[in-house]
Each structure stands twice: as structure tokens, then as C-alpha cells.
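Copied over from TrEMBL, here are the features:
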type: ACT_SITE; residues: Glu378; note: active site, proton acceptor 1
type: ACT_SITE; residues: Glu378; note: active site, proton acceptor 2
type: ACT_SITE; residues: His507; note: active site, proton donor 1
type: ACT_SITE; residues: His507; note: active site, proton donor 2
type: BINDING; residues: His377, His381, Glu405; note: Zn(2+) 1 binding site
type: DISULFID; residues: Cys144-Cys152; note: disulfide bond
type: DISULFID; residues: Cys346-Cys364; note: disulfide bond
type: DISULFID; residues: Cys532-Cys550; note: disulfide bond
type: TRANSMEM; residues: 644-666; note: transmembrane segment
Amino acid sequence: MLVLWLCLLYGAAADPQHTPDHVRTESEQLEEDARNFLHELDVKGSEECTVATMTSWNYASDITEKHKKEKAAAELKYAEWEKEAWERVRKWNGKWETLSDPYLKRQFKFMSILGTAALPKHDLEKYNNLVTEMSTVYSTAKICDYKNPRSCKLELEPDLTKILRTSRDYDELEHVWKMWRYNTGRRIRDHYKLFVRLANKAAKLNGFDNMGDMWLYPYESDTFRDDLAELWQQLNPLYQQLHAYVRRKLRQKYGEHYVTRRGPIPAHLLGNMWAQNWGHIYDLAIPFPHKASLDVTPQMVSKGYTPRRMFELSEEFFVSLNLTRMPPEFWQHSIIEKPQGRDLVCHASAWDFCNAKDFRIKQCTEVTMNDLITVHHEMGHVEYFLQYQNLPKAFRDGANPGFHEAVGDVLALSVSTPKHLLKIGLLNEVQDDPEADINFLLSMALSKITFLPFGYLIDLWRWDVFSGKTLENDWNCAWWDLRYKLQGIKPPVQRSEYDFDPGAKYHIPGNTPYIRYFVSFVVQFQFHKALCIKAGEYDPLDPSKPLHKCDIDHSTEAGNALGDMLQLGSSKEWPEALEILTGTRKMDASVIREYFKPLELWLAKDNERHGEFIGWETDEILCTSEVVKKTAKSEEGVAASDGVVVGGGSAPGSLLLIFFTLLHFVQF
Ligand code: KAW
Ligand code: ZN
């Protein structure tokens, strides 16, 4: 007791604010007023956010006219609140900058950007409705079956995803690829034109040149675009080796007529609707087929896995690291299986209802290894929510958006190792030899390395669309230009400006920035390396402990270090958060190169042995700026490539176009 009194007395003497005769200075008063003001906004803002998020959830989990209307009304109401709060924050301009507490100043900094709520009400209403409408077109699209054309109820998840994953029928894959774009992108194109105009108007009202610039604001860096370009340059050589290797394997499967020696790869043969993750053609590409396959989907099915079990497995991994369990509300309200009999947004997502108790995931989970990785990905978002739940709302976010995307993936890097799969009973044995190692690294590269150019190009395309550098009547060809240049792929049939292929990927109609995933794929390897060192699972000087074999399972040292970073939310600039965990302030692609080093050496040798051409070139015209309207026959997906020119140029114009396109598409 005496000690306590002494402490209190000492504390009072040391802190001038607690001396009885201390008179508050003006700056102390300002600091306290600011703190109270922010707290008040925080409480009200969180309540408003809960209501708006709930109506959004209701719509996304059950697309009906009623839910659409309720969401539209709630969005307007929330924007009104945001504007009111922003106007009150504005009154602090000139004062908040003088505060001494950086924590308060940073909240003011974030709250000074209003976002789309800056639009006049009728524009905002239009903008919100456009995004909802684009998302509805995408999420409710259905196509006809190739083998049974009268059955027209095939949905992206699970039907089309499964066909892309398992079918090896060139024509069936082409049908699905084409018709998905026919029923999504093409129907979104006109909406997108209006959307871009309104998005840019909002960005300008916030003091940015265009929406692309506004999207980069959370990264708090003036050199961000250049930094990303440099990262991609560092990673491209590894991608090119992988590309050449996979092209040879596909050539063996489909023949040289379809997959040429030096050309880009047809986009529909890569096991995924967008050719963004080639993991599902592992069976075609496996380097040593006599060694174990690392795709444990068959084992998951035979062991009776369910979506629930996949989520529980993921939760156990988080808990083993001393991270936080999911609250009961999570299990009550999450949607982890596709409900029948209603339309919903099946694209996976994680939800924070801003009240520190309701957190949910919505995912149409299938029992596959790929979905097990996605489960960890989504759980990573919720774990971030849980770790920063007690921060003020302005900081309840990732250090940058890429960090949010990286959390679950970091854990999944451990889960995917043969050692871990053995531990959880999804493999019967671990073969520890160089060939098994290459098999494993190739399976990882097919999902991690193949994603990099895709993760990079989506927003390269959008930035140029928002800035006006890419004109409306070049939108689709500019898209294919990037798909060709960065990914080395081509569409199975020629595209035109009648199509809008970017709109066939969720994040375009869903208006979700994408560069976060590229950032995530770089930093997750940096996080992984730091955590593996802490777990004693990686030692750069010990060849028996390479990075790709690390499993951080049950390491509380690793988990605590990760948790410490997550608890910061966005209260510190991301280089600081990165430094706390990894000791460096920069994004660094050399860790990925290090992880895949044995594979890169093996691929280079294998490609050389087979005389493979590294890179791609073509004299095909992949996309024409003429507007080619498909005939009714091909609209049904029956005919392959017949088209009539609707708009467009004269014959000499077309010749010129062919000449320039040829010039454009030759790349070494
Ligand atoms: C990917 C990522 C990790 C592992 C494998 C992967 N393969 C492909 C990707 C990238 C990307 C894709 O599918 O193309 N992945 C996703 O879109 C996963 C969905 C999401 O968790 O990132 C989700 C996207 C979303 C955003 C906004 C509304 C609806 C969906 N993001 C979140 O739910 C989310 C929630 C809170 C904070 C940050 C993100
Ligand atoms: Zn995500």
C-alpha cells in the first residue's frame, strides 16, 4: 500500500498536469480538445459504419431488389455522415498540424480525405448505383453448357471454375472462356464509361488528378509506381523461365498447332478463368510425375473434408501461433458454403462490422486445396480485424492494403509445405530429395509466380484508363496489350472493342483496387522469412533449412511478432511496420528469388536442354480496335470465330492497323 502511495505521489510530481496548481497551457488544452473531438467522431462513425456494412452484407449475400434499395439508401446516409464529419474535421485545419501527439495528427490526416462522399448527392447516387449494377451483372451471370447447350445455368462458382480447373478439352475451354466474357464484360462496358467519369470527378474533388492517383494515397509514397516497376523487373526473369517451361508442357498436351514454340500461351489453357493462377495445370506440368503430387485435393475429398473443417483447420493454425480465435458471432453469421436458390456475390470477402464483435467471411467454399489456401487468406483479414479492433476507426486498416492481403497468405506458405501437409494427415509421407523439392517448388510457383504479372497489370490498365492515357475506344486492346506484354498470353479468339475483357474479372465491376495483391505477393515472402527466422525454421547459413521448407506452426515467437505488427493497424506508416517485423523499410523482391532459387536454376537448365525460346513473339492480331459484333450464332457460343465488322476503318486503314499491331506485338 505504501509503495502504491509513493508511486502516486511520485507520478503526480513528475507530471506537471497533475500538480494542484498547474494551469493548462493552450497547447495542452488543444491536445485534449482534439482527443475528445476525435473520440466523439470515432464512436458515432463506428455506429454509422455498422449500419451501412449490414445493408451491404444483406445485398451481397442475397441479391434482391429490396436489398439493393436498402443498400443504396444506407450508402447515401453514410456518405452524409462522412461529409458532416469531414466538415467538422476541416474546422481543425491549421490547428491539428500543430498538435504534438503524432497519433492524433495522423488521425486528422486520414480524416481529411473525404473520398467519394465528396460528390454531389445525385452524382454519388449514380456512382453507387453503377457499381452495384456492375457487380450484380457479374455476380448473377450464367452461361450455357458446351456439351448440353440447352442447359444455361452454369455459374462462375462452382461450375465454370471447375471446368477451367479440370477440363482438358480445348474447344470446351474456349467456349467457357468466351461466353463468360460475353455475358459479363461486354454488358459492363457502358456502365464502366460513366463510372470512370464519376470516379474521376470524385478524385478531383479530393484534390487528386484522377481516381488512380487517389487509390495510391494509402501507400504514402511518391515513388510507389517506380518501385513497383522495379520489383517487376526483378521478378520477370523467373516468370519468363516458368512461362517457357509451361508452354512446352502445354505444347506436349495440345499440340504445336494450338501452342506454338515461340508464341504467347492461349489464355484458356492455364486452369483458371483469368490465367492468373496456373496451379490447376500442375498435373500437366509436374516435373517428376513418379514423385508425390503436392495437390492434396483428392486426399481432402477422400477424407471427407467440409468447408467447416477447412475453416476450423485454419483457425487452429492461427491459435497455434498465439493469435486470436474467431469469436462466436463469426461462426454464427459467416457464409462459408454457397447457399442454394438465391443469387449472391460469391467472390470471397471478409467483413468488419465496426463494432468490435461482428466479423464475418462470405465464401462459396469448395473442397479443394486452392480453396483451403483462400480460406487462410480470408481468415488472415479477420485476424487483422481482431488484432486492431481496439484502435480508433481511422487506424482500423492494414499498414497498407497489401499488408491486409498478405496475412493469411503468410500462414498458407507454411500450410502448403509437404512437412505440414503430412502433419495434418493430407500426405502420407514426405519425400526429401531434390526431385520432390522441385515438384513442390513448381506447385508453389504455379500459384505465386504466375500471379505476379497479372497482379501488376490490372491496375496498370486502370491507372491509364483513369488518367485518360488510354482512350475509351482502346480500352480492350490496351488490356490485351498488357496481357501479352507482361503475361505472354493471348486470347483464344481475336478480341475487339466490342468486348470488355477487364470487366470479366471481379475487381473491375466490383471497383476494388488490385495492386494490393502484387504488393502482398512481394511482402508476404518478406514476412515469411522474418517469421521463419523467429521460429528457428530458417537459417540462411544452414542448407538443411531452406526458406521453402519452413513451417511456422506452433511458433509463439513468430505469432507474437506478427501480432505486434497487426496490432498497429495503419497507425504507423507501412515502412515502419515492415521494419518492426523484418528489419527493412523497403519492399524487396529478392526474398521471392531466394525462396524459388533451386527451381529457377532447374528451370533454366531444363529450358536450355530442350532448346526452349525464352520470351514470346507473334504476328497474330490479338485485338482490333474495330468494333466487331458477333453474329447471333456465336452469341450462343456455337460458332467459334465468325464476326462482322460493325464500325471501323477502310481497307488501307486496316492495313496500317495490321502493320502497327505487328510491330507492337513483337517482343523478345
Ligand atoms: C489471391 C490472393 C491470395 C491468394 C491467392 C490468390 N489468388 C488470387 C488472388 C487475388 C484476388 C483474386 O481472387 O483475384 N483475391 C481476392 O480477391 C480474395 C478476396 C479478398 O479477400 O481479397 C477480398 C476482395 C474484396 C474486396 C472488397 C469487397 C469484396 C471483396 N477482400 C476483402 O474481403 C477485404 C476485406 C477487408 C480488408 C481488405 C480486404
Ligand atoms: Zn483478400
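Positions of Cβ are set from backbone N, Cα and C atoms, glycine also.
Note that the structure is predicted; figures quoted are calculated from it, not measured.
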Checking the disulfide-bonded residues Cys144, Cys152, Cys364, Cys532, Cys550 against ligand 1, those whose Cβ falls under 6 Å of one of its atoms come out as none
How many other Cβ atoms are found within 10 Å of the Cβ atom of Cys346 (disulfide bond), counting all protein chains shown? 23
What whole-number Å value do you get for the CA-CA distance of Glu405 (Zn(2+) 1 binding site) and the residue listed as 'active site, proton acceptor 1'? 8
By a simple count, how many Cβ atoms lie within 10 Å of the Cβ of Cys532 (disulfide bond), its own Cβ left out? 25
Beyond the site residues His377, His381, Glu405: chain residues whose C-beta lies within 8 Å of the centroid, for Zn(2+) 1: Ala350, Glu378, Gly380, His404, Ala406, Val407, Gly408, Asp409, Ser520
Cα of Cys550 (disulfide bond) to Cα of His377 (Zn(2+) 1 binding site), in Å and rounded, measures 18
To the nearest Å, how far is the Cα of Cys346 (disulfide bond) from the Cα of the residue listed as 'active site, proton donor 1'? 13
Please list, in sequence order, those recorded positions from Cys144, Cys152, Cys346, Glu405, His507 with the Cβ less than 6 Å from ligand 2. Glu405
Excluding its own, the Cβ atoms lying within 10 Å of the Cβ of Cys144 (disulfide bond) add up to 19
Fill in the CA-CA distance, Cys364 (disulfide bond) to the residue listed as 'active site, proton donor 1', as an integer in Å. 17
So which of the recorded positions is most packed in, judged by how many other Cβ atoms lie within 10 Å of its Cβ, out of His377, His381, His507? His377
